[in-house]
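Feature annotations, courtesy of TrEMBL:
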type	residues	note
TRANSMEM	25-48	transmembrane segment
DOMAIN	41-290	domain 'G-protein coupled receptors family 1 profile'
TRANSMEM	60-79	transmembrane segment
TRANSMEM	99-120	transmembrane segment
TRANSMEM	140-158	transmembrane segment
TRANSMEM	197-221	transmembrane segment
TRANSMEM	242-260	transmembrane segment
TRANSMEM	272-292	transmembrane segment
């Protein structure tokens, strides 16, 4: 029993990219840069969508939720990663690992469901434009956002708790830069078949069904857009929806590649780089995609900056 509980006493050693010390310096700058961009970009989205009255519509309500998710998700991982990349100490306490696992898993799962909700919003906006205000009323939007957050929390409580029940028998060298379920399963000193089955079922529920529903909704959206007579209306609809679809492809593509393939099918460090992409890069891309490809957001940002400049001049 003493050996089995050793990991909970001394924590874990996050091996990360310690095999490539020169690469660590580059990755430190990389993670720091993208973390700062994530904070600036997503905080900007939250501020302008809250302050600009024309953006007080369901689409931007869900976008604020997505930005808040990305800020919290990256913050739960980036500071510890920066500490480990900078110095020789690459440890994390058992409690720190538990907190990181619960929070990151909850937020990542929430985003999986929230992207489906955003696709539903786009479907109603394009396919049911006359009933959009009635259907996507504030109460329903709040309920859908609450369901997204609650489902992510429920998945985290169940899945992370199930993983942390495994005995590690003193194994505390985690071959990753974050506490992630697949990496923790490799440390277990017992048969993890049931846990891997749970991981597979959870992956289907959160990584396969949601993008399938999104693609179906966009099939109907495409049909509706093509029936529009106005070229300008078609362009605006495609521009708005393509932004969301780009986020969906990037987000689900990297995570599906990470979780839904055999662990021995890619090189040792490949999984770490994939995790680095969807934990650090994807949250940065979301505000860039939504601002550069969305005229309403760009106009709101210009008005906000112009207003600040005018107030400073007066």
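Backbone N, Cα and C atoms are what each Cβ position is placed from, and that goes for glycine too.
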Would you call the transmembrane segment (25-48) and the transmembrane segment (272-292) in contact, using three or more Cβ pairs under 8 Å, pairs 6 or more apart in sequence? yes
Counting Cβ pairs under 8 Å to the transmembrane segment (197-221), which of 99-120, 140-158, 272-292 comes out on top? 99-120
In this predicted model, the domain 'G-protein coupled receptors family 1 profile' (41-290) has a mean pLDDT of 86
If we skip the immediate neighbours and take only residues 6+ beyond the ends of the transmembrane segment (140-158), which ones have a Cβ under 8 Å from one of its Cβ atoms? 58, 61-62, 65, 102-103, 105-114, 117, 120-121, 202, 205-206
Should anything in the same chain at least six residues away from the transmembrane segment (272-292) have a Cβ under 8 Å from its Cβ atoms, list it; otherwise answer none. 16-17, 27, 30-31, 34-35, 37-38, 41-42, 44-45, 63, 66-67, 70-71, 73-74, 77-78, 81, 104, 176-178, 180, 243, 246-247, 250-251, 254-255, 257-258, 298, 301
